[in-house]
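A short write-up of the structure that comes next.
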């Protein structure tokens, strides 16, 4: 689905990582961990086409990301749901409209209105549907971001520190949603420095833990 | 081209969902409406000026081009004979529709603005004048001058060229200036709307980021801005054109003594220009915003 082969990325002349390879198979669950500044967010951005590798190949659904034009990247993003730590909503739209935004931009809003209500109920936000993003708590915003990420029924869900701003109980709830999605066949990649979250997940789902450190991607797990 | 037409159609039909994604921005909205209104107002006046000079040039050209004057300066006792000789020459000249000598009363009337109504024309050595009206083909000026010189030594043919040409030339230049002014105004409108659109796009960088994150194509994001700015420009231009139309209606109406200034305005079908200007400004706004949006989106990718 998503494959990185011998990838390097430099920013401002400094090499963030090099010789990095990663393959996200369909239905797999990956955690990406590592110290702050190691390049986790950059690696995720390479995985959904927001950044281009300095060298090496990034294949998104068997297409070379470097050869895609901006509109083709936009089409790819519809197959990859992204959850950011800071959520990124349009503050003038209600949560319902924000969650439905991927449908709106792809011209499918009316066809999926029933699914939208179900989805809001699934993440426990039906009551908050008509509220504006600034009126919601951090946890509610994260769940809304997850709902928005999955509304197009993407093949892959990428989450960047999704539990960074929320309490443990809410983190557990979000993790349950991600595990549920994985059981539905979605490929999940979660960047986190929360080892407790990884430990909690490992007891519920078969997952692979990758550690980005010293510019290299290593298999982790034994210590967790 | 097909894509442009489709975009323009999409803009007219509208995509409220796309437009709703961009928060309304008061400052750029007001700036665009005001700019378009002011520019439409100025365009209407520049156009009125251009059309007025156009009419004036046509009027001067047609009124003076179809007539000539023969001036006969001769001693009083020979004047009548020379007038008669000149008229005989004119009768046999191809291209002359009619010719007649002005009466003393008509000559007195011509001179009245300068010498008063009681001028004793018959006792003064004033040249006799013959008015010549040409056919549409006109006559051979050089040939007629040569014949007059041979048969009526005191006759001088004045075909008004030396009067007409500078006037027509001045009117043509004024008309050209009017059109240049319109082109500059439209160019300035495009520039101002581009700046306003760029400002709105920069202010909405976060919106663009989110829309890209969820898979919006550049065309979709651009449409949200383009439609909004085009409609604002169109609305502003309509207001400006209507105000300018009202202002022109309040100008004194054209009359024979008022000359050029009182002839400023539109006549008949020319009033349709008041509709054409807002449409033109709308089209300029469409292309200016589209180019700005696509450029900014390219830079932000």
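Backbone N, Cα and C atoms are what each Cβ position is placed from, and that goes for glycine too.
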Residues flagged as transmembrane segment in TrEMBL, choosing from B:148-175, B:176-203: B:176-203
Given ranges B:110-132, B:271-293, the stretch to which TrEMBL attaches the annotation transmembrane segment: B:271-293
Range annotated as transmembrane segment - as stated in TrEMBL, picked from B:31-52, B:53-74: B:31-52
Leading contact stretch, B:31-52, B:176-203, B:271-293 vs the transmembrane segment (B:229-251) - CB distance under 8 Å: B:31-52
DSSP-derived helix, strand and coil totals, residue by residue, for the domain 'ABC3 transporter permease C-terminal' (B:180-299): 100 helix, 0 strand, 20 coil
